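Asker: Feature list, courtesy of Swiss-Prot:
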type	residues	note
MOTIF	51-61	motif ''HIGH' region'
MOTIF	529-533	motif ''KMSKS' region'
BINDING	K532	ATP binding site
COILED	815-854	coiled coil
Amino acid sequence: MAQCSDLPEMAKAYEAAEVEKKWYQYWMEKSYFKPNPNSDKKPFVIIMPPPNVTGELHLGHALTATLEDIMIRWHRMQGEPTLWLPGVDHAGIAAQVVVERELAKQGKTRQQLGRELFLEKMWEWVNPCREKIRHQHMRLGASCDWDRETFTLDAGPVKAVREIFTNLYEKGLIYKGERIINWCPRCGTAVSDLEVDHKDLAGHIWHLRYPLEDGSGFVTVATTRPETMQGDTAVAIHPDDTRYAGMVGKNVVLPIMNRRIPVIADEAVDMAFGTGAVKVTPAHDPNDFEMGLRHNLPMITIQNRDTTMNENAGPCSGMTAKACREYVVSEMKSLGLLLRIEDYIHSVGHCQRCSAVIEPMVSKQWFVKMEPLAKPALEAVNSGRIQILPERFNKVYQNWMENIRDWCISRQLWWGHRIPVWYCPCGEMIVAKVDPTVCPKCGGTELEQDPDVLDTWFSSGLWPHSTLGWPDQTEDLKRFYPGTVMETAYDIIFFWVARMIVMGMEDMNEVPFRTVYLHGLIRDDKGEKMSKTKGNVIDPLKVIDQYGTDALRFAVTFGTSPGNDSKLGQTKLEAARNFANKLWNASRFVIMNLGEAKELTPEAELPLEDRWIISRMNRVTADVTRLMEEFQFGEAQRVLQDFIWGEFCDWYIELAKVRLRDEASVSPRPVLVRVLSSILRLLHPYMPFITEELWSYLRPYLPESLRETDIIVAPYPAADKTCFDEQAESVMGSLVEIVRSLRNLRAEHNVEISRYIQANIYAGDMASVLGNYLGAVETLSRARPVNILPGHYSGASTATEVVLVLTGIEVVVPMSTMVDLEVEAKRVKAEISELEIQIERLSTRLSDEQFLAKAPQAVVDKERIKLEGYIEKVSRLKSA
């Protein structure tokens, strides 16, 4: 990297692509992304939520990466050793489905290839994807420690997974049993709740009559799935439902199967649904399964894994589910037991990966007993050892933990962490951390490993400590566990955040992180969810190519707050790009006007605007620091942008220009450097590339303590309250208000840019102070002459003058200096005439009975509002 004094003259326009490549490579070479080993401060640690290896990063990833990088850069600038550990998730079913689709294009299946060859194909596909994701994160400016990058199928995580599986099994917390799971018939595996998309579909409710065994009548049940009737093992009613008084304890005869089943009472029954009586099929409905456990009901599975009906379905054996439904409905009708059919909209689960309808099914799988593990994880949050932001998600977390169910961790896939269980022909089952070679029971060597793999979330739950070397007691684990912040989207609090807390408490007896920061979703500029089908998806890499990384980062975080969704469209992206350009142009102006490279010392007695901008800079620094500490990054960004653009650029630099042209005045250069230095450092976490580039040009003018420091590790500004100057802020506030009001007045009356207006400013006690800035007022508002007078003006606006009433100040502007009064009078007369025509037209229309009867109320209301506006405007024009 060239010496600062050797840097070429600044380009007129900011060239993002060139700058980004240069600085990222430089930061890597300088090892700035690694935690400082010499610091004795407490480390700040974020373990990156590992994106799925399946594809390119989307805007959600861009938001995650930007928010985390903001935190990392901010803490790095405070001298803390920072570790941002990156990684990628193997993505289980999501990745396997992609590769299987590629094989299908070649007319092949994984079964034809065999497990070993298929896994080779998986690795061939995965490795380039990992590199691509890494490169994309680099383009986002992510200052991760890439030497610590981890993949969930690396040797370390594999060792950790086997360790925790074995430990939990030995404690009796992992077991193999039959429970209800989500079964995808197309993917051929159990899937997690997260991998099920629920869609509202048009269906029916069938009202079916089940005869009482004693012949005294019928119980009519309402169901949306008559095809599962053969698996019914009870009819349930609510205990408080008086319609079925005396029914509990009786039996009904299950039609078609002629099997006796009991009538039971359970509070889970919704009395308002259908008839208030429901069929209970424990093997094919999650709620029925729980009810079956409560009442010790038999669980009869009537479907095969391909969703065809099995031998337990009686006459429907071998049928598809659809054919079975048609058979049952037809048979019930012929038996006189079909009472009626109603249309109904209900939620149906679909596989997120292949869109097949999910079948709830009792299946033999591996499960984790969650209740004993959930207790310490719940206490960790309730006691405040872990803070969840925003706080409203504490209740969500608590509710989920208190009602937690056993977790199905086995998947009928080939890609993933294979379950560390082996079976011997002698019947022995071996659970081991390392591959066994001999059966401990019979000494046999023909051991076969369980074919299933673990749920992706199982290995992800170990992420905060497996990435640091656990189960080995590494130096990284000692130094960086627990992490500081876990930043992720609010929609995976159950599936990932909760499980990380569970696993951390179990493995480490310590929380995995101190704070959980949950961000919202990014929606389009209309507030709609982005999707490929809607065509409203924004590709972050294309945005970077068009606007630059800093603009993307600034846009995705602007207006964000913990847990709330935000909008993003071209308008916001262009605004972010414009802000970057504004920053570049303002900084370039400052740097180009600093003269010879040297440390600039401000005068002992500073002019008002210098004291004002220094005071404002320190207040903004205090506000931004507080907001950053509170994780209000979007609000901190807004405060910062308002100050940079609305105060430093629009006002201070404009005032400084006047002094730069006057060699006799106090030089604004030292203050320009001081403020710009703070601005760049405050902004660096949000816009790292442009700030580092501008800093490189500013460095020759900085104090010696900063001159040899890159901004990425420069000290973050600290607010100096002794610089707060309320008087300067008050006076400058009045000056800004005067100029802004005169500018607005010019705009309202379309005053030509070349034309000067006149103004008398009645400033009371502030007249003498403001009088020192007469030239600035005239220049900035294009008003001349301007008279600043003591006292106050009590008159009101007339046809010949406009009176602007400001805070303790009145500004009087003669109309003749803004417009030609004769021409203006003709224009007003013509406008009144046109408005009166419109008033007559609307009055006639709103008196028309037919119009009022036929037109929508919204249209009528709109016309009335329009009429009232025209009448008010005519009144205003006539009184002017």
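A Cβ is built for glycine as well, from the same backbone N, Cα and C atoms used for every other residue.
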Asker: Of the residues in the motif ''KMSKS' region' (529-533), how many are helix, strand and coil by DSSP?
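Answerer: Breakdown, helix to coil: 0 helix, 1 strand, 4 coil.
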Asker: Within the motif ''HIGH' region' (51-61), how many residues are helix, strand or coil going by DSSP?
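Answerer: Final tally across the stretch: 3 helix, 1 strand, 7 coil.
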Asker: Restricting to the coiled coil (815-854), report the mean pLDDT as a whole number.
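Answerer: PLDDT averaged over the stretch: 83.
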Asker: To see if you understand the setup: which same-chain residues, six or more apart in sequence, place their Cβ under 8 Å from that of K532 (ATP binding site)?
Answerer: none
